[in-house]
Each structure stands twice: as structure tokens, then as C-alpha cells.
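Novice: Okay, here's the structure, questions in a sec.
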Amino acid sequence: MAFQDLLDQVGGLGRFQILQMLLLCISSLITYPHILLENFTAAVPGHQCWVHILNNNTDSANATGTLSPDALLRISIPLDSNLRPEKCRRFSRPQWQLLNLNRTFPNITDLDTESCVDGWVYDQSIFTSTIVTEWDLVCESQSLKSMAKFLFMAGMLVGSIVYGHLSDRFGRRLIFRCCLLQLAITDTSAAFAPTYLIYCSLRFLAGFSTMSILTNCTVLIVEWTVPRFQVMGMTLSICAACLGQIILGGLAFAIRDWHTLQLVFSVPLFVLFLSSRWLAESARWLIITNRPEEGLKELKKAAHRNGRKNAGDALTMEVLRSAMQEELEAAQIKSSVFDLFRTPNLRKRICLLSFVRFANFMSFFGLILHLQYMGSNVFLFQVLFGAVNLPANCVAFWALNHLGRQVSQTLFLFLLGISILAITFVPQEMQTLRMAVSALGIAVSSVTLMCSFAHGNELTPTVLRVTASGFLGIASNIGAALAPLLMILTVYSPHLPWIIYGVCSILGGLVVPLLPETRNKPLPDSIQEVEKERKDSRKAKPEGTFMKVTQF
């Protein structure tokens, strides 16, 4: 008998689990868009230097008479190499001679120019305000915009480590509620930040709590459902996050002011925090951490809400201890992250898996965090990317079961790299083609992530699987944090970050064949089993345990 048998007695998927799952999925739906908010709140609108004669309507009317805005622009702003008005330079004084195009005058490149000492004028046709227009994060300060995204992702990295440990020590429910409140306060406050430094600090704290919320949503769903319903619960959580992306695109289209959009996704978190008081703590965690009385109380509460009062009354401490004997013994075995590197074969697997996860997450977040670089209609891109992630689950299921782990990851990582490189060199004018290639890249990146998760779980021994998942998660989050930081390289070349994303994906595809295939192979239970394995030589045991991948 095991804990899953206790759950079967109190109801494997009853009203209690459905209500719990509903609240957690809503939390995923509202939380996930906070990762992508800066696609809109930090969008860069068209801009040019503020010029007295051009942008001061009263003075320009008095001084220039009937000159059109285009004529005023011509004498005030120089042209760049593409014959478009410069965004970061202006003429030191009006160049009246440029009005007469037939007249001979010195080379335009010899005319005196200066930086935008009086600030900028922004195009408000798409975004009425963003953090870029609020704090002039353009030209010499454009790298600061990438720093805001980097700090949020760095917060996710640090938060996943800190809150992951605290969740195991103090409980999933408590940390989940604390993180909901932290995200609500910090991102609501960010909408009113008086300076850019304060805004970045608040976004770092918001990222600190975001990953913990998403992780604990999945953990609480898994720990309160029996195995046959766990994949369904996790799938619903993933679909809720995808739906959150679609809703973000729609609301951002309707709300073009960054303060309002920030509040629309932050204020509902206060309601979720208040609602989460009815969320149940994981009974499994309570029992394993030597709090069996509280665990028994939660199980009886679940039985009562599921309409199984008799089953709840039959639960006693003796029954509980008997059912949880194996789990309690397993919990006494303490593992360390250093155990992952003590033996050569496991060390090799962890290092290779870490690079694959790093490259995969860098490319994935490089795509989803920088929609504006892919095309003009960022709202449609956001909705499309959320939509293509839904069928990606089915593609991953088919690939894992028919192509295997090695082939599927290698194929889709190569395809991801090629897609990103194609986006880089497709002209901006070919918007339909850019949109199609970008959507393909997002779908493929989602497939590779799911394949990587499955492969990683099957390559690590049972005694260290959770520890290995945590370490690989750190490698993943480092890649995610570096993705926005690489956009600083656009000052040297607009294509350079995208080339790095694409090349990293291809390198990841080259690394995957160095890992053993695990399809229909027994899961290793100990480090010794991992060390005895040889690539392509281990025979599957008919009676062995293996991981079955479903469409969920």
C-alpha cells in the first residue's frame, strides 16, 4: 500500500481536487504573462530627436509659415544609411538649403550634427506609453531596456533556488501564498515606480517569486492526484499558461498604456492570494516531514469534500503509517548535488544535459521575450505563439514515442536553430514569411523542451532524480537570464544575438547524440546502474520499469 492508495480511498479526482486544480490553473494563467509583460510594457516605439522648430507648434508656425512637417523634418533631422530619419542625431541648426533639392550644396555627411540633447519625440500610434518612453531608454541608453528583462530572469533563477528549498522545508502552500502576495505587491508597485532603478528592483523581486508560483502549481497538482490523473493535471496547467499568453496579446492590443496593462495583470493576484487561503497543503509533504497528524487531517478533509465520509472515518494513524512506510524510509536517504559528479558516467550525462537545457532555454526565451524584433504586429505574434504551444504537446508525444529521445531532440534543435537564423535574414518587408518562421520556431522550441524534460528524467537515477532536476533547472534559468542580456549586442549588429541563439540550438543538437537513447529502456534506480550502462549496448529488461510518454 502507498500514498496513492490513500488518495484512491479519499477520491483520486473528486470535487476537492477539481477545485484545487481550478485555483492553481488560474494562478498559472495570471502568473505566466508576467514573464512576457515587457514585450509590451518595454516596447520601443518609433522616435526621433526633439527639435525646437519641428516639435514646438507655436514657434514653428510663426517662423516657417506654410512649411509642411516633412519639410521641417528634412531640415532638422539627418538621414541614416537607409535614407530614413536618424533616431539618435539631429542637425545642430536648421539646414534650409536642403529644401531646394536641385541646388548644389556641400555633402550632407559634412553637416554638423549633435545628439538628442533636448530629448526625444515618440510615435504614439501603437503604444501610448512604455517604460522606454517614460525613461528615454533609447540610443545611448537602449541597453538598459535589456537589463530590466535580465534582472527579471535573474530573479527567477535565484528565486527558484531559494524558494525551492523553502518549499521543501516550510511547505508548498505557505511559500505559494507568500509568492503570490510578493508578486502582487512588487508588480503593482512597479506600475508606479518613480525611477528606472526602482522599477528594475521591483521587477527583480517579481521574478524572484514567479518561478516558485508556477513550480508549486505543478507540485500541488501532482501531489494531490493519483498517477492516472497527474498527466491530465499537468497538461491543464501548461494549457492555462498558453491561454495566459493569448489573453496577454489580446489585452495588450486593447490597453496601450504600460501602467494600466501592468495593473491589469497584477491586481488580480491580490484576489488569488485571498482565495488561496482555502488551498490545502500537500498531505504527502506533511507526512514525509514528520507531521502525520496534519497530513491525516488534510486527507480527511479531502474525503469529506469528495463525498467519501466513510473512507475518511476509516483513516487512522496506523493505516497512514502503514501506507507511507516506503515513502518515509525513502525520505530518510539524504542526497547532495555533489553526488551527481562523483562518478564519470553520471557526471558526463549531467554536463551534457545541462548544456542542452542551457541552449534550449536561451533560444526559447530569446524568441518569446523579443517579439518586436520579429515583426511590427507584436500583438498577433503573442496570440499566435500562445496558440502554437498547444498542439506542440501532441507533436512531442508523437516524436518521443516514434522517433526516440535522441533523434527527436537532435532533429528539433536543428530545426529550431535554422528557424532562428532564417528569421534573422528574412527582410522586414516579408511579414507573412517572418510570422510563419517565427511561429515554427516557437512551436519547435516547445517540443524540444518537452523532449529534454523526458530525456533528462530517464537518464538520471531514481535516488538523485529530484536533485538532478533542480540542478538542470539552474542551468536552464541561466540560459533564460542570458537571453535578454545578449540583446545588448545589437549595438554592434542587429543580427548578432539571433545568430548566437541559432548557433546555440544547433550546438545543442550536436551534443544530444552523445547521450544514450532511453526509449523503452528501464529507468535507472541507482548510481551503480548508470555506471554499468554502455551507450547502445544495454538491453531492455522486459520486467523493468520504463517511462511511458502520453499525449499529455
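Cβ coordinates are placed from backbone N, Cα and C, and glycine is handled just like the others.
Straight from Swiss-Prot, here's the annotation block:
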TOPO_DOM  1-15  topological domain 'Cytoplasmic'
TRANSMEM  16-36  transmembrane segment
CARBOHYD  N39  N-linked glycosylation site
CARBOHYD  N56  N-linked glycosylation site
CARBOHYD  N62  N-linked glycosylation site
CARBOHYD  N102  N-linked glycosylation site
CARBOHYD  N107  N-linked glycosylation site
TRANSMEM  144-164  transmembrane segment
TOPO_DOM  165-177  topological domain 'Cytoplasmic'
TRANSMEM  178-198  transmembrane segment
TRANSMEM  204-224  transmembrane segment
TOPO_DOM  225-233  topological domain 'Cytoplasmic'
TRANSMEM  234-254  transmembrane segment
TRANSMEM  260-280  transmembrane segment
TOPO_DOM  281-349  topological domain 'Cytoplasmic'
TRANSMEM  350-368  transmembrane segment
TRANSMEM  378-398  transmembrane segment
TOPO_DOM  399-406  topological domain 'Cytoplasmic'
TRANSMEM  407-427  transmembrane segment
TRANSMEM  436-456  transmembrane segment
TOPO_DOM  457-468  topological domain 'Cytoplasmic'
TRANSMEM  469-489  transmembrane segment
TRANSMEM  495-515  transmembrane segment
TOPO_DOM  516-552  topological domain 'Cytoplasmic'
REGION    525-552  region 'Disordered'
COMPBIAS  529-542  compositional bias 'Basic and acidic residues'
Novice: Go through 16-36, 144-164, 178-198, 436-456, 495-515 and flag the stretch with the largest number of C-beta pairs under 8 Å relative to the transmembrane segment (469-489).
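Specialist: Answer is 144-164, with the largest number of Cβ pairs below 8 Å.
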Novice: Would the transmembrane segment (260-280) count as touching the transmembrane segment (378-398), if touching means at least three Cβ pairs under 8 Å and pairs must be 6 or more apart in sequence?
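Specialist: Answer no, regions not in contact.
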Novice: Should the transmembrane segment (407-427) and the transmembrane segment (234-254) be scored as in contact, given a threshold of at least 3 Cβ pairs under 8 Å and pairs 6 or more apart?
Specialist: no
Novice: Go through 16-36, 234-254, 436-456 and flag the stretch with the largest number of C-beta pairs under 8 Å relative to the transmembrane segment (350-368).
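Specialist: Going through each listed stretch, the top one turns out to be 436-456.
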Novice: Could you give the residue numbers and ranges of same-chain residues that sit at least 6 residues beyond the topological domain 'Cytoplasmic' (165-177) on either side and whose C-beta is under 8 angstroms from one of its C-beta atoms?
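Specialist: Distal contacts: 27, 212-213, 215-217, 219-220, 223, 273, 276-277, 279-282, 285-286.
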Novice: Counting every protein chain present, what is the number of Cβ atoms, excluding its own, within 10 Å of the Cβ of N39 (N-linked glycosylation site)?
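Specialist: Cβ-Cβ neighbours of N39 (N-linked glycosylation site) within 10 Å number 24.
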Novice: Any residues 6+ beyond the ends of the topological domain 'Cytoplasmic' (1-15) with a Cβ under 8 Å from its own?
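Specialist: Cβ under 8 Å, 6 or more out: 224-229, 283-284, 287, 299-300, 302-303, 305-308, 311-312, 314-315, 319-320, 322-324, 326-327.
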Novice: Do you know the mean pLDDT across the topological domain 'Cytoplasmic' (281-349)?
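Specialist: Here the mean pLDDT over the topological domain 'Cytoplasmic' (281-349) amounts to 77.
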